[in-house]
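Note sheet for the following structure.
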Amino acid sequence: MSSDVRRRPITNAADGTSDSSSSPSPDVDFNSNDQIAVAHRKPNGENDRRRSVMHYAYRPCTPAHNRIKESPLSSDAIFKQSHAGLFNLCIVVLVAVNSRLIIENLMKYGLLINANFWFSSRSLRDWPLLMCCLSLPVFPLAAYIVEKFAWTKRIADSAAITLHIIITTIAILYPVFMIMRFDSAVLSGVTLMLFACVNWLKLVSFVHANYDMRMLVNSADKEKEKSASSNIEYFYDVNFNSLAYFMVAPTLCYQITYPRTTCIRKGWVLRQTIKFIIFTGVMGFIIEQYINPIVRNSRHPLKGDFLYAIERVLKLSVPNLYVWLCMFYCFFHLWLNILAEVLRFGDREFYKDWWNAQTVDEYWRLWNMPVHKWMVRHIYFPCLRIGIPKGGAHLIAFFMSAVFHELCIAVPCHIFKFWAFLGIMLQVPLALVTDFLQRKFQNSMVGNMMFWCFFCILGQPMSVLLYYHDLMNRKVNTK
């Protein structure tokens with residue numbers, strides 16, 4: 001130690017005081033590493049106290065183990081701290097591994113993307129489907145007129161219900177007829193069916209909500225019902241502007257007013273739109289470069305060797321999972337938030353943390369919140385109110401979901417093998433199994449692993465292979 005540094009104070013372990021005769025100059029202080037540094041001038045008492053405490057705390061005899069502690073990765077402590085660094089490592093490894101696979105694929109097969117994926121001459125023949133899609137707003141307008149007549153007592157409630165049944169039935173059968181009538185591209189048919197199903201769900205919500213309010217208003221015990229519902233005044237009148245806003249808003253549940261934001265963040269919308277375009281391009285690249293070649297070079301999974309079918313499904317599972325995750329991010333996060341921002345729609349809980357679901361039933365409650373809220377509001381609780389047990393109400397909700405999944409896939413493909421319907425209905429016994437495992441193994445992720453395995457790794461790739469080969473067989477048989 002240099003000669004200009006004075007001797008440290010000697011601390012009395014009994015009372016914590018230091019020997020003032022050996023106290024150094026206030027110009028010198030010791031940091032936490034017991035190194036010497038020039039300090040700001042402070043009162044002698046404060047400097048002496050700090051040096052005394054630091055000197056005792058870092059002596060060789062100071063205890064280094066003061067309490068019971070768990071290792072950070074032990075089962076008792078692993079969820080009590082952040083693992084952001086490991087998450088970043090997983091992302092880096094994932095990017096590195098997939099970058100190598102992409103480069104290897106491009107070197108071996110070249111760029112397989114062609115313009116027909118985005119636009120083809122066949123798409124020009126899909127104009128009847130475009131006209132059908134543009135004519136869908138006619139059905140909400142007809143429902144509004146019927147509701148207006150019902151509220152003003154120009155028609156009876158029974159007549160209004162009959163007209164609504166006719167309108168909603170035509171609203172879903174008309175697109176189905178157009179798709180089956182014209183041999184359109186599968187992508188065009190899927191797009192039309194998605195719009196038609198959303199239009200039908202919104203119509204049912206509009207009709208059901210207004211019918212319920214009319215029943216409350218016309219009931220003999222109206223005052224009692226009014227006191228039990230704080231939002232009843234929202235539905236006393238049918239407002240065309242509220243219906244028009246509802247038909248374009250990112251929700252399936254009708255009400256007169258919604259929580260609204262104060263302004264539109266134009267820069268934010270631009271950034272999300274750029275992300276939407278980028279991730280859509282990523283989906284197209286994965287489909288054209290990976291999924292299509294795998295599917296084209298595979299045999300029918302139910303008409304060949306079992307091990308070969310498992311190998312094809314597992315090979316297809318990874319790119320299919322990437323496309324599914326990109327689809328979720330593009331639609332549920334980017335597109336619905338862009339639409340909500342433009343319309344200043346405030347409630348943007350379009351999904352919850354479904355990736356942490358420990359049971360299949362929990363996943364369906366977290367995955368698609370607009371549809372979940374519609375199911376709870378217009379299917380589940382109405383079934384309970386008429387005396388159907390909870391199990392039956394759950395089964396009816398899954399049945400409705402299965403029907404619409406089948407419509408959105410089977411109708412555009414012109415194939416009714418009910419693969420999508422069976423896939424959704426099989427979620428019912430799978431939900432029972434994961435519920436049992438969750439009760440048996442408390443605080444475990446066994447159900448979560450089963451969900452990822454059966455739903456994403458095996459279920460979806462199998463459905464893709466089944467529909468592809470059935471579609472190819474249909475084309476061969478019709479030639």
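The backbone N, Cα and C atoms fix where each Cβ goes, glycine too.
Please treat TrEMBL annotations as automatic predictions, because they have not gone through curation.
Residues annotated as region 'Disordered' in TrEMBL: 1-35.
TrEMBL lists 18-34 with the feature compositional bias 'Low complexity'.
Among the features that TrEMBL reports, transmembrane segment is placed at 84-103 (among others).
If you look up TrEMBL, you'll see 127-146 (among others) marked as transmembrane segment.
Summarising the annotation, TrEMBL assigns transmembrane segment to 158-180 (among others).
Counting same-chain residues at least six beyond the ends of the transmembrane segment (186-207), those with a Cβ under 8 angstroms from any Cβ of the stretch are 123, 126, 129-130, 132-133, 136, 139-140, 143-144, 147, 164, 167-168, 171-172, 174-176, 178-179, 243, 246-247, 252-254, 371, 374, 377-378, 404, 407-409, 411-413, 471. Feature annotation from TrEMBL assigns transmembrane segment to 186-207 (among others).
Among the features that TrEMBL reports, transmembrane segment is placed at 274-291 (among others).
The annotation transmembrane segment is assigned in TrEMBL to 321-343 (among others).
Sequence annotations record features per position, and here TrEMBL assigns active site to H405. The Cβ of H405 (active site) lies under 8 Å from the Cβ of A420, F421, G423, I424, each of which sits 6+ residues away along the same chain.
Look at TrEMBL and you will find 418-437 (among others) tagged as transmembrane segment. Within the chain, the transmembrane segment (418-437) has long-range Cβ neighbours (under 8 A, six or more residues past its boundaries) at 358-361, 364, 394-395, 398-399, 401-403, 405-406, 408-410, 444, 446-447, 450-451, 454, 459, 463, 466-467, 470.
Positions annotated as transmembrane segment by TrEMBL: 449-469 (among others).
Non-local neighbours of the transmembrane segment (127-146) in the same chain are 155, 160, 163-164, 167-168, 170-171, 174-175, 178-179, 181-182, 184, 188-189, 191-192, 195-196, 199, 202-203, 206-207, 238, 240, 243, 247; each lies 6+ residues outside the stretch with a CB under 8 Å from one of its CB atoms.
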